[in-house]
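J.: Below is one structure. I have some questions about it.
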Amino acid sequence: MRGIVLIPPSQRKHRRVRLSPTPRRPLSGRDPTAAMIFDLAFFAAMVPAVVLMGLSKGGFAGLGLLSLPLMALVVSPVAAAAIMLPLLISQDVVTVWSYRREFDRRNLATLLPGALMGILAGYLLAAKVSDAAVGLAVGLISIGFALRRLLAGGKTAAPVTKPSYGAGSVWGAICGFTSMIAHAGGPPFQIYVMPQRLKPAVFVGTGAIFFAAINLIKLGPYIALGQFTAQNLAASAALLPVAVVSTFAGVWLVRRVPAERFYTFIYWLLLAVGVKLVFDGMRSLLL
């Protein structure tokens, strides 16, 4: 069966997303992931990567992007994606439960329909759209938005916006499309929701439910492609405690950081994510 192989932007060396069957095992007949999960190098790279992803899920969005280069040190991009998806879903359970009473229903109502359309468009156009170009565009928008907010500082208060079906549908579609093509759905979500100046817990809770829905939708293609091998699931199970504990740590930190400091930190993270997306996009397009 053929389908889309979801590969992190920093690891894609081609300009187009490749359509390929489930990766074949080496000629030796051994799956390298099977041996890797008992290797110290695997845990030395994957544990920090999962911790960063957990803190990101817990509320410090942007840290998760730093985990991709760490994972690439020990496993292939395809294996990393298959190992991480069950962990991401387990982290989604933690964040959704932790913020079950702290989320904005109208934002979800305005974002999710567009996100579904964006995911569908990303699936249909994945073979024709340059993931590097998508990442580059998202990165440039993120840098511009973050710099505008950071340079304003406390001198001029930016106007507080409210959720709307028009803007929410557009940004939701961008979130779904960029998440499917380039795993970069976080920045568009932040650009749409952050100007509303929600309470930090409400901001994180809304994002938790939104991206939990997106990850569940993505589960189907992975099952269809046969990516959930026994070896990949064993690796996910070995890392599950780290994923859960680090997510709770992120939730704990968010509840103790003042709102102004929280948003300033998120703006800096958004700027860093934008720079990395631009760097990865330029490198992929030029090499």
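Glycine is treated like the rest: Cβ placed from N, Cα and C.
TrEMBL labels come from automatic prediction, so no person has curated them.
These numbers come from a predicted model, not from an experiment.
Annotations for this protein, taken from TrEMBL, read as follows:
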type	residues	note
TRANSMEM	34-55	transmembrane segment
TRANSMEM	61-88	transmembrane segment
TRANSMEM	108-126	transmembrane segment
TRANSMEM	132-151	transmembrane segment
TRANSMEM	163-182	transmembrane segment
TRANSMEM	202-225	transmembrane segment
TRANSMEM	237-255	transmembrane segment
TRANSMEM	261-279	transmembrane segment
J.: Near the transmembrane segment (108-126), which same-chain residues lie under 8 Å Cβ to Cβ, leaving out any that are not at least 6 residues past its ends?
T.: 4, 17, 19, 163-165, 167-181, 189, 192, 206, 209-210, 213-214, 217-218, 221
J.: Using a Cβ-Cβ cut-off of under 8 Å, list the residues of the same chain that are 6+ residues beyond the ends of the transmembrane segment (261-279) and lie near it.
T.: 9-10, 59-63, 65, 135-136, 138-143, 145-147, 149-150, 182, 184, 186-187, 190-191, 194, 197, 200, 254
J.: In the same chain, which residue numbers or ranges, 6 or more beyond the ends of the transmembrane segment (163-182), come under 8 angstroms Cβ to Cβ?
T.: 9, 17, 104, 106-107, 109-123, 125-126, 129, 131-132, 134-135, 138, 188-189, 191-192, 196, 210, 214, 218, 277
